[in-house]
Every structure is written in C-alpha cells, then in structure tokens.
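Notes follow once the structure below has been shown.
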Amino acid sequence: MLTHLDSQGRANMVDVTDKAMTSREAVAQARIRMLPQTLQMIVEGEHPKGDVFAVARIAGIQAAKKTSDLIPLCHPLMLTSVKVELAADGADAVLITARCKLAGQTGVEMEALTAASVAALTIYDMCKAVDRGMVIEQVRLLEKQGGKSGHFKADAS
C-alpha cells in the first residue's frame, strides 16, 4: 500500500499524529568512483580547495537536516544524531556511510540516504575540475531499525 496517496490517488503527507514515539535509526551508503590519482590527491590532503572529506561530511550532515525541504511529503524531523563517515575504498573510490537517529513518529531512511547522496555530490563538485568521469553509484539503505515495520538489513553486496 502506498502511504503517500489518498483514496483518490492524490499525493499527501502521511498523518503520523497517532503513531507512537520510538527510537529510530537508519544507515545508508553511497560510493563514488574516480581516477586513482584523484583519490590519492584527496587522501593526501593536496586538493587546492581544501579537505574534501571534511567538506563532504559537513555537507552530508546539513543535507540530512534539510531533507524535508528537498523531498516532497517528507516530515521535518528533529534528528538527534547524524554521522557521515568517508573512507577510501580500494585505489579508485570513496565509500560514504551516513547514520541518522531520532526518537520520533516516523523513520529516518530518507535523511540517511540524502546525507550519503549529498556527501557524494559534494566530492564530485570539489573534484570535477580534475576528474569529470567520476561515477556516483550504489546509493542504498543498508539498515533501519524502529517503527512499525521493524528491522531491515540489506543483503550484503
């Protein structure tokens, strides 16, 4: 059942008024592939624009907080924790993991996915002058806990 559609098929925001406040958490991931020399420049801190990982981390955190402004029908949430981790993945990629938490009436999956996505977009923006062939891929929900639908964990791949 699509919860964002009313009986006449019109989009609307889901009413969560009567839902219980529960602890909720979501973890999402994104990966950005690039030339090995681009990754080396980032890891060695030689990018002329500064610390790419630090800027991408802040961008991801800010994006999680602004998710309801970006995605129609998402509830504005009082996030209690947003963590964005970035690490080299092999010789030619960065793996981004975003974790969002709150105690509330609706989940934080979209916030985690938005954080990971915007962190990847920020890396692309900062590095596009040296590597226009970067590819953002594997944006996905890894895990979510809490709420009526319970626990979800993605298959390893």
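Keep in mind that glycine also has a Cβ here, set from the backbone N, Cα and C atoms.
The feature active site is assigned by TrEMBL to ASP125. The substrate binding site annotation in TrEMBL covers LEU73, CYS74, HIS75, MET110, GLU111. Among the features that TrEMBL reports, domain 'Molybdopterin cofactor biosynthesis C (MoaC)' is placed at 13-147.
Recorded features from TrEMBL, shown on the structure.
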residue: CYS74; record: substrate binding site; contacts (Cβ under 8 Å, 6+ apart): THR67, SER68, MET110
residue: HIS75; record: substrate binding site; contacts (Cβ under 8 Å, 6+ apart): MET13, VAL14, VAL16, SER68, GLN105, THR106
residue: GLU111; record: substrate binding site; contacts (Cβ under 8 Å, 6+ apart): ALA26, ALA64, LYS65, THR67, LEU77, LEU79, VAL82, CYS100
residue: ASP125; record: active site; contacts (Cβ under 8 Å, 6+ apart): none
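The record gives LEU73, CYS74, HIS75, MET110, GLU111 for substrate. Within 8 Å of the mean position of their Cβ atoms, the other Cβ atoms in that chain belong to THR67, SER68, ILE71, PRO76, LEU77, THR106. The least crowded of the binding-site residues LEU73, MET110, judged by other CB atoms within 10 A of its own CB, is LEU73.
Mean pLDDT, taken over the domain 'Molybdopterin cofactor biosynthesis C (MoaC)' (13-147), works out to 96 on the 0 to 100 scale.
LEU73 (substrate binding site) falls outside any helix or strand according to DSSP and counts as coil.
For the domain 'Molybdopterin cofactor biosynthesis C (MoaC)' (13-147), residue counts in helix, strand and coil come to 45 helix, 43 strand, 47 coil, using DSSP.
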